[in-house]
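Among the features that TrEMBL reports, substrate binding site is placed at Lys113, Lys137, Ser405. Marked as active site, proton donor by TrEMBL: Lys149. Annotation comment: TrEMBL describes Asp191 as site 'Important for catalysis'. Marked as NAD(+) binding site by TrEMBL: Thr237, Asn276.
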Amino acid sequence: MVAAAILRRTPGSLASAIRLHRTAAIATPIARFMSTHVTNAACEDNEPGFLGSVETFYDRAAKISGVSDKSLTAIKAVDAVLSVKFPVEIDADTHIIIEGYRAQHSRHRLPCKGGIRFSDEVDLQEVEALASLMTYKCAVVDVPFGGAKGGVKLNPKKFTPAQLERITRRYTMELCQKNFIGPGVDVPAPDVGTGPREMSWIMDTYRQFNPQDVNAAGCVTGKPISQGGVRGRNEATGLGVYYGVREFLQFPEVQKMTGLDGNIAGKTVIVQGFGNVGYWAAKFFQNNGAKIIGIGEHDVSAYDPNGIDVEAIFKHRAEKGTFRGFGNAEIIDGSIKVMERECDILIPAALERQIGLKNVKNIKAKIIGEAANGPITPDAHDYLVSQGKVVIPDLLLNAGGVTVSYFEWLKNLSHVRFGRMSRKWEEAGKSKLLTLVEENAGRQLTPQERRAVIHGAEEHELVYSGLEDTMIGACEETRATAALKNTDFRTAALVNAIQKISTVTTQSGQMFL
């Protein structure tokens, strides 16, 4: 009852046969299950799907990258795909067949890295598109991973925790048997429909298959702290979104295009999507003085020009299961229309293809920051840029998650918490220096003041610092390339990614040509 197909880049006639097999498979029943009402509502029929959008953006950047056609072809191709079907017992009388995928887009650096999502809209094209984005995303922020992505075709809300555990462990077993998981091979992470709980199950299953692997905890990231996770991972993507928008606001050319000053404080923000990324992004914007005036969810959206308390609406939804009835907020059906309201900054943080030709002319935001993967179609992106709006691309802006996953992976390989070896030594050095300053100044600090000055960095503070430094550097690189190539920020970020990947593959050489 177990069917598995592994497709790898292979030399000679076998590679041609595999490519033909894969093309035929994609052209028939897999055609695009992900194209549901949710992802089609904003798009015309002639607009490309998710994978087509990723490839379109790639091709545009490739033309001005200065990289050889040979390298561009190799970079674009997906290295390997695992497709599995396996039975799972739901109850004593019922078994169902579960479909799962794992795509490794590029192994120019190892391990590959990318999340695993549980959704009944998962299909092969979506997984390949997301794996491609992960490769470019890692390159943009200088995280030394290749790109990968996984998915299991199911709605997690329809299964009990015990059933989900069986499914997760069986899917992981398939990954283990086919060598699609391991600290030096392929490292999954949470995505839509998964979280720390599922990552714990994955790690434990991998450990059962590899009891001698001392680095087994590094086979997956996004784990609970008790299982080797890193503090700061949960909010990392949302925090990265905040850092990225903050940096772009400080660029003079962005201020000129938008008419905005360089401060987050006072800006009006609409967030579409209130999952992990949307919630944390909204929270960090609000904590730094921005006014959250709209939040979109899958069923309805809340809008209030006077501002929405992020924590209050989060608690309301947790209690009621919906935004309906929250304070004085205007309730708007669906999650699309709220994006058309007037605001300074729009953060699409839900699904792909949320801004297309049907609604792009109604977008009034001056800055659109892609917290989700692929929320804007190519034609819609071109229109926004032509209207002088600033689009901060997904492969840059939502890279906070993979950046902090990299930190967690490093922690697992080093087997020590960040700051454990140095914090007290750092505090002792600061204390001695502060004592000398007090003696020369003739003034003693209060105990509270002294603690604040000599405080040594804790793990989450080091993670925040590393993420902030990473996002600042990536934003500056993207800005510089946009100016050098006279192009938009998305194309500039992709040019940077392509050039970095090409440099790695060219300098390392290729075993088989």
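Cβ coordinates are placed from backbone N, Cα and C, and glycine is handled just like the others.
The 10 Å shell around the Cβ of Lys137 (substrate binding site) contains 29 further Cβ atoms across the protein chains shown. Of all the recorded positions in the record (Lys137, Asp191, Ser405), the one with the smallest CA separation from Lys149 (active site, proton donor) is Asp191. With respect to their backbone Cα atoms, Ser405 (substrate binding site) and Thr237 (NAD(+) binding site) stand 10 Å from each other. Over all protein chains present, the Cβ of Ser405 (substrate binding site) has 28 other Cβ atoms lying within 10 Å. Taking only the Cα positions, the spacing between Lys113 (substrate binding site) and Asp191 (site 'Important for catalysis') is 12 angstrom.
Calculated from their C-alpha atoms, the gap between Asn276 (NAD(+) binding site) and Asp191 (site 'Important for catalysis') amounts to 10 Å. Ranked by Cβ neighbours within 10 A across all protein chains shown, the binding-site residues Thr237, Asn276 are led by Thr237.
In sequence order, Gly115, Ile116, Arg117, Lys149, Gly150, Gly151 are the residues of the chain that are 6 or more apart from Asp191 (site 'Important for catalysis') and have a CB within less than 8 Å of its CB.
Around the Cβ of Lys113 (substrate binding site), 28 further Cβ atoms fall within 10 Å across all displayed protein chains. When the Cα atoms are compared, Lys137 (substrate binding site) and Thr237 (NAD(+) binding site) turn out to be 12 Å apart.
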